[in-house]
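Chemist: Quick one: the structure is below, questions incoming.
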């Protein structure tokens, strides 16, 4: 066709585009996942690092395997027409495709597990039925896709060994596997994105903060869009025939890398409040951000003695209340009653509800000044009976 690009120029342009997309998103996850773990440790020590963080680290390890399998293992053949490639190189390419398929399924699944584990620690028991459903769908998708990828051909090595004659192998069309796996993947992405929105909307926080927080969770919509684009790629190209598989997979690899890396990025974003505070940006998302500098520098010492459900000195925060956009994302549940200071039991005594407690108050000023620590003997009497409704 007149004006068609030179094949050499085409492969160079493709590899530049692949490298640009792959390395930019890869650098992002290599920064954000360790940063997420650091933020959790900074917020509450190593005890604050939990399952959602572990799944994020596992997803990062799998994403690295997928990235290097595609960028290094497939690079020699990816984007070229199979007619000009030696059979041994095609076998090598298909073997890497088989490995990449397994890594893709596990990477996407562990990202979903990380998001669900984050929801588990964030929301109340009432929300956990939806989390159970999401986990059931994700685990079912993982098991089914693993089985289909491994046993797409019998014998298994026929998935990459093109020297095996057709009458000696039985294979499922790759197109059927990919489309059958992509549709439920897009559906579960949408479920995970929409799941927290109703609970965020019920927070006792200013409307702009709730909108911004809901918008942060809604960033996951981009993952559903990427998954849908990847599905559209499957529908456009003839991957059911392996005659030109090295060329047919060029866009699949691009969008698969984007889906994994951006998905892991979105899974990390809600946990980065301490990083914002470290950079001095926390006031942007705080309900106290508009106060003057002199008021921010003041440290208020709060105390109360609670008897028979009555408190003095300070009014307890309403259940579900939040002091800022990210104040609920530091490792506590959105519906927990959280106060502006931390009470740490220093000595266990046999007298119930009395002890020597250490109060640590952190007051970070605009110039990054150190926190203030206050220690004093404290006696607290709390009525454990439920409040009358």
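Here the Cβ of each residue, glycine as well, is placed from N, Cα and C on the backbone.
Predicted automatically and left uncurated, TrEMBL annotations should be read as such.
These numbers come from a predicted model, not from an experiment.
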Chemist: In TrEMBL, which of the ranges 103-122, 243-262 has the transmembrane segment annotation?
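Modeler: Range annotated as transmembrane segment by TrEMBL: 103-122.
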Chemist: Which range, 211-232, 277-298, does TrEMBL list as transmembrane segment?
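Modeler: So the range that TrEMBL calls transmembrane segment is 211-232.
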Chemist: Give residue numbers and ranges for long-range contacts of the transmembrane segment (177-199): same chain, 6 or more residues beyond its ends, CB-CB under 8 A.
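Modeler: 105, 108, 112, 115-116, 119, 122-124, 127, 130-131, 133-134, 137-138, 141, 144-145, 148-149, 152, 214, 217-218, 220-221, 223-224, 227-228, 230-231, 234-235, 239, 252, 334.
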